[in-house]
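According to Swiss-Prot, the features are:
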- Asp37, Asp102: Mg(2+) binding site (BINDING)
- Tyr73: site 'Interaction with target DNA' (SITE)
Amino acid sequence: MTFDRRRASELQRKLSELVKEEDCFDPEAVEAVGGLDVSYKGDVGVSALSLIDYKTLRPLKHYYVVARVPIPYVPGFLAFREAPLHLTLIKKVKGYDLLLVDGHGRTHPRGLGIASHVGVTSGVPTVGVAKRRLVGEEERCGERECLVHEGKVVAYVIRRGKQKLYVSVGHCVSLETAYQIVKRLTVRRLPEPIAWADRISRSLARSLQLP
């Protein structure tokens, strides 16, 4: 399948204008947080959505969808490969206050990583949690580490050992709220919702019997 980067870039710029960098929910009333991640076997992708109790950090439920992915991985355009899988799940699953997405939100060359793409197109509050930096420079912001791009703080950095997590706005959440929620949910290498989604998707992908 041919991938048109120019048209994809234009769509990203248009959608980036629709991102809301403010809380569309009450941060004090959060009860359940979902995590989204994708694993692959060949050209088949498995998207998993894991719901975690925000107070106890215990897993509540896990959901998944399996489908062939016709679009190849293109740096900066991950959403066009993985977002359709995520959106299929989001339409089916209820009972969460926001979603953590494995990938970037606003920390993207055109301001629309997969977390923002998924958030804007679904209307669901999302947070980007990425393991690698796409844009910006790391600086000190008081007692925190932050990522600054074009003169603006676009992410906070959370460290767990040698692992860095870049926490950014996806959609319908403020950066401060995104940081506080991810920090609370991260007791090991990854925030619990994404860690569970990663485990589930990897396990299912390994078990697939492909022709």
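Any Cβ shown, glycine's included, is placed from N, Cα and C.
All features noted in Swiss-Prot, drawn onto the structure.
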{"residue": "Asp37", "record": "Mg(2+) binding site", "Cβ neighbours (10 Å)": "27"}
{"residue": "Tyr73", "record": "site 'Interaction with target DNA'", "Cβ neighbours (10 Å)": "12"}
{"residue": "Asp102", "record": "Mg(2+) binding site", "Cβ neighbours (10 Å)": "26"}
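Rounded to a whole value, the Cα-Cα separation of Tyr73 (site 'Interaction with target DNA') and Asp37 (Mg(2+) binding site) is 15 Å. Under the DSSP three-state reduction, Tyr73 (site 'Interaction with target DNA') is assigned to coil, being neither helix nor strand.
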